[in-house]
Amino acid sequence: MGPKTLPQLAGKWQVLCMLSLCCWGWVSGQLRYSVVEESEPGTLVGNVAQDLGLKMTDLLSRRLQLGSEENGRYFSLSLMSGALAVNQKIDRESLCGASTSCLLPVQVVTEHPLELIRVEVEILDLNDNSPSFATPEREMRISESAASGARFPLDSAQDPDVGTNTVSFYTLSPNSHFSLNVKTLKDGKPFPELVLEQQLDREAQARHQLVLTAVDGGTPARSGTTLISVIVLDINDNAPTFQSSVLRVGIPENAPIGTLLLRLNATDPDEGTNGQLDYSFGDHTSEAVRNLFGLDPSSGAIHVLGPIDFEESRFYEIHARARDQGQPAMEGHCVIQVEVGDVNDNAPEVLLASLANPVLESTPVGTVVGLFNVRDRDSGRNGEVSLDISPDLPFQIKPSENHYSLLTSQPLDREATSHYIIELLASDAGSPSLHKHLTIRLNISDVNDNAPRFNQQLYTAYILENRPPGSLLCTVAASDPDTGDNARLTYSVVGNQVQGAPASSFVYVNPEDGRVFAQRTFDYELLQMLQIVVGVRDSGSPPLHANTSLHVFVLDENDNAPAVLHPRPGWEHSAPQRLPRSAPPGSLVTKVTAVDADAGHNAWLSYSLLPQSTAPGLFLVSTHTGEVRTARALLEDDSDTQQVVVLVRDNGDPSLSSTATVLLVLEDEDPEEMPKSSDFLIHPPERSDLTLYLIVALATVSLLSLVTFTFLSAKCLQGNADGDGGGGQCCRRQDSPSPDFYKQSSPNLQVSSDGTLKYMEVTLRPTDSQSHCYRTCFSPASDGSDFTFLRPLSVQQPTALALEPDAIRSRSNTLRERSQQAPPNTDWRFSQAQRPGTSGSQNGDDTGTWPNNQFDTEMLQAMILASASEAADGSSTLGGGAGTMGLSARYGPQFTLQHVPDYRQNVYIPGSNATLTNAAGKRDGKAPAGGNGNKKKSGKKEKK
């Protein structure tokens with residue numbers, strides 16, 4: 001071979017390798033090579049490293065190697081070059097037999113990283129096997145009387161090669177008496193027959209030698225031969241013959257074993273042993289047929305030996321022969337074609353082709369949710385199948401070409417039925433009919449078609465004030481009949497505002513479990529009831545929601561100590577109150593007035609005298625009214641200056657308290673001359689320029705105040721005209737314009753120009769959204785008092801007590817001017833126990849639960865005068881409301897007057913010496929018939 005031949009061969013190998021790689025990548029994605037069987041050891045199969053794209057420098061580090069020892073038996077892999085070569089000769093027939101495809105798997109392992117590559121090596125068939133016959137020689141005896149055209153079957157040759165390398169055709173050595181005829185069987189294999197062309201003559205030639213050659217289709221072709229010796233017999237020159245060379249017979253499947261299929265009947269005209277026949281299967285009868293049928297050699301009867309199944313094979317072919325006993329024996333051949341009849345012995349089958357599972361509950365009626373195929377291995381009517389569905393289901397079966405459809409026939413509702421058990425019944429048309437059941441569980445998937453619903457339309461929660469943030473209020477619960485995300489609920493506070501602030505700043509709702517927590521510390525004095533809207537939303541698409549109301553009631557705690565209004569704390573060093581030494585026992589000295597911002601029992605106040613007083617036995621204090629009276633007559637040796645310390649305690653648990661200190665000066669005065677309100681005022685010094693300036697400023701401020709108050713009175717009258725309050729009253733509810741509230745009270749004393757007390761105004765700023773103003777008015781012409789309720793006022797931060805003229809309020813536009821003592825109100829009546837008595841009828845013992853207030857006229861006037869004097873000298877203020885004369889009243893949503901004595905026992909009406917008694921039907925502040933006195937609203941109407 002020349003030097004140019006090697007590069008050409010190398011180039012061809014490279015082209016073959018590239019073609020192999022392309023085919024490998026396109027077909028299976030794995031490395032695939034082919035090699036011819038019986039290749040010499042060392043024959044290159046392919047370069048694995050090159051095909052994997054590995055660099056030659058990386059082969060050592062990657063340690064390319066075969067994955068198993070079994071692979072190394074036939075192949076070797078070069079670590080240096082990555083070439084896969086044949087290790088030993090491979091015999092395809094021993095590995096794969098007669099299979100048309102022979103693939104030998106090889107595993108290749110690389111390291112760093114560890115990879116496993118599957119390589120398939122196809123072993124190509126090599127025509128290395130020649131056709132061969134079962135015996136090298138065959139002796140055939142043919143009578144000389146054999147007719148021309150007689151056919152004699154010959155043995156077929158066998159070739160283990162496959163494809164074109166197997167037996168392709170036969171040839172017969174030339175002979176004038178015989179020729180070769182080759183038939184093709186159903187499996188495509190050639191079948192040789194020896195044909196007698198002309199009659200034999202034993203005398204001319206007693207033996208004929210024929211060579212039968214079988215040639216395969218390989219390149220180069222291989223062949224095999226057998227020697228056929230034909231012996232010509234002189235006698236028995238008639239061979240057995242059948243009525244027909246092809247016999248057709250039918251038998252039903254599942255025929256019992258032993259059933260007679262056919263009785264062969266061949267004839268031989270010879271006599272004697274030459275005419276005695278033996279029957280047997282021909283050489284071309286398959287082993288399967290021999291297992292199913294049996295042939296009686298003497299009678300020729302064919303019986304069933306095994307199970308006949310139409311589905312296994314509908315047709316059988318039996319080759320039979322009849323041989324006489326002549327010398328030589330003669331044979332006759334026939335073919336029995338057995339047709340198997342179908343019996344309905346196979347139940348139909350239902351095959352699920354497609355099923356939408358689960359099915360949306362919103363699926364429209366008529367939607368296909370499943371496809372089914374049916375089949376029956378039987379034939380004819382035995383193979384005709386119908387499919388039915390169980391009744392009372394919202395589904396129906398619709399037949400189509402080659403399949404059945406499962407459709408919805410009614411609307412679906414998952415909340416009513418979450419799944420359906422569907423029974424499908426397949427039946428064939430055979431007799432008897434066979435059936436097959438198929439059970440399907442069809443789930444219904446949820447659609448968000450149900451809104452969540454709260455278990456309650458209204459939830460109520462209670463919480464004590466001052467509880468820390470995060471306190472659990474209650475738990476709201478909702479349910480949703482949907483499932484999954486459609487039933488996954490999220491709770492929230494619906495965006496509304498409370499007192500100008502978002503509701504979410506007051507409470508927090510756990511979005512997962514609906515627990516409601518306080519976001520802040522609640523103050524009962526600021527807020528008594530909170531209305532919240534809680535919403536719930538599911539997680540469906542689109543989401544559905546629902547709302548419920550939550551009322552949170554804040555419960556009062558005793559967190560406010562009593563606030564002393566009179567005497568005002570810090571005024572201990574102001575001008576003391578004067579008390580004549582001639583005052584009889586039981587005389588009203590002063591009155592301690594206090595209020596409590598709490599409610600209910602926490603606001604019930606009691607008064608007691610502390611031992612720190614100068615002379616504890618000299619004075620008595622009323623437990624419920626705070627009135628300080630003399631316990632005995634004053635003596636000469638009593639100290640001229642008396643300090644009375646009064647303890648004010650509420651009824652809470654634990655109770656809170658405050659103290660009030662009253663300074664008294666004992667004076668020697670004529671007991672007939674009772675002090676006036678003006679006597680308690682300090683006389684101003686002589687007028688100076690400063691006084692003039694003050695008068696001018698007072699006039700200016702008074703004018704401005706008059707204009708302002710006139711405007712406010714007009715608005716008040718407009719509100720009364722709209723139906724809020726009675727005709728002469730100015731007491732109504734008003735929302736606070738500011739969210740800031742104060743828990744203080746500001747007393748405001750208004751005096752006349754002569755120094756006498758005109759009226760006293762106490763503005764209470766409770767901690768909710770309303771203000772209450774209570775005014776005690778004193779007529780300048782009498783020692784009585786007018787007690788009125790003004791409408792709620794929105795005032796600024798309470799300041800110090802105002803005695804300047806600019807603090808005077810005009811009542812001309814809101815209340816009718818009173819120029820004289822008002823007559824007693826006809827809607828207040830005396831009870832029998834309240835009729836006035838003589839002086840000193842008041843019992844000084846305050847150990848009872850509440851004072852009975854049975855005062856005579858003189859004692860009542862003395863109390864009113866003392867109250868006016870206390871306010872006039874600036875040493876005290878009087879708390880308004882129902883506790884103007886000392887009773888602490890709390891008007892809140894949870895405070896009822898049923899728990900305490902009637903507050904009107906401490907309210908004094910001008911022109912009367914008795915306490916108030918409610919007349920039926922007058923609690924709403926309506927004008928009484930025939931009366932024009934001052935009117936007062938019931939405590940039920942005086943809510944904050």
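Note that the numbers count up from 1, one per residue, in the order the chain is shown.
Here the Cβ of each residue, glycine as well, is placed from N, Cα and C on the backbone.
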Message: Where Swiss-Prot marks N-linked glycosylation site, which residue is it, choosing among Asn443, Asn913?
response: Asn443
Statement: Integer Å value for the Cα distance linking Asn547 (N-linked glycosylation site) with Asn443 (N-linked glycosylation site) is 32
Helix, strand and coil residues within the domain 'Cadherin 3' (243-350) as assigned by DSSP: 10 helix, 48 strand, 50 coil
- prompt: Can you tell me how the residues of the domain 'Cadherin 5' (455-564) break down into helix, strand and coil by DSSP?
  reply: 7 helix, 52 strand, 51 coil
- prompt: Taking the Cβ of Asn443 (N-linked glycosylation site) as centre, how many other Cβ atoms lie within 10 Å?
  reply: 11
- prompt: How many neighbouring Cβ atoms, not counting its own, are there within 10 Å of the Cβ of Asn547 (N-linked glycosylation site)?
  reply: 12
Query: When you measure from the Cβ of Asn265 (N-linked glycosylation site), how many other Cβ atoms are you left with inside 10 Å?
result: 13
Field: Reported mean pLDDT - the topological domain 'Extracellular' (30-693)
entry: 86
- line: For the domain 'Cadherin 2' (134-242), the DSSP helix/strand/coil residue counts are 3 helix, 54 strand, 52 coil
Task: Write down the Cα-Cα distance for Asn443 (N-linked glycosylation site) and Asn265 (N-linked glycosylation site), rounded and given in Å.
output: 68
